[in-house]
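As annotated by Swiss-Prot, divalent metal cation binding site applies to 17, 18, 48, 107.
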């Protein structure tokens, strides 16, 4: 998409999956202060790992929130739904005009490799891309004691690039920042998603009423030692920037499946 017209202040929508009161989105808003007109629309509660879920059987409500950045208060709404709900509601109902850019984050914890599919943070940015908007997701690769300042600095830099140059239609950026000081970060790397999976199981437990319940547990397994992957970049101290898209067609597989005996006019038993 094209960047905002010269002289126009860009409209930037912020979202996340950690919830509107999470420190990551507050740090993001503060870091982007002054780059344009900021709006925050985010879930009222934590929505980690909800993926691209949307609410279809319950009402979705929005209420105004107090949200401050160094220059003063900015418009903000808490939404009783998922990250994707929040972006949909913002663009269709809450904002008086579409944003020029949607930024989701800063997530507490990485969103690399297969975890992109589970991530509510990435899904908020993906929903924006589906709506035809430029978007990016940004995550800090630290769970326990996150320090968002450096990630915010990189968010600002990459947002400036995105506003200046625009993104290809249907493509968003998935950004992961290593948990290092500004001086320790080696730079930025354009990467691809690493192939990975989870070795999972469920822990069977019993509640006080002696009823069983199950708790998901697992170990992350990296199946890809390529130096150009997001996991490799983070390990080497680089900010990882991965272009991704919601078109999940396996275009490279068309040649392989072209050898199958396709007959568009045949029935399931092969008859005409």
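For all residues, glycine too, the Cβ spot is worked out from N, Cα and C.
Each residue in 16, 19, 22, 24, 46, 47, 83, 108, 109, 119, 120, 121 lies on the same chain as 17, 18, 48, 107 and has a C-beta within 8 Å of the C-beta centroid of that divalent metal cation site, without being one of the site residues. Other Cβ atoms within 10 Å of the Cβ of residue 18 (divalent metal cation binding site), summed over all protein chains shown, number 23. In this structure, residue 48 (divalent metal cation binding site) belongs to neither helix nor strand by DSSP; it is coil. Residue 48 (divalent metal cation binding site) is surrounded by 18 other CB atoms, counting those within 10 A of its CB over all protein chains shown.
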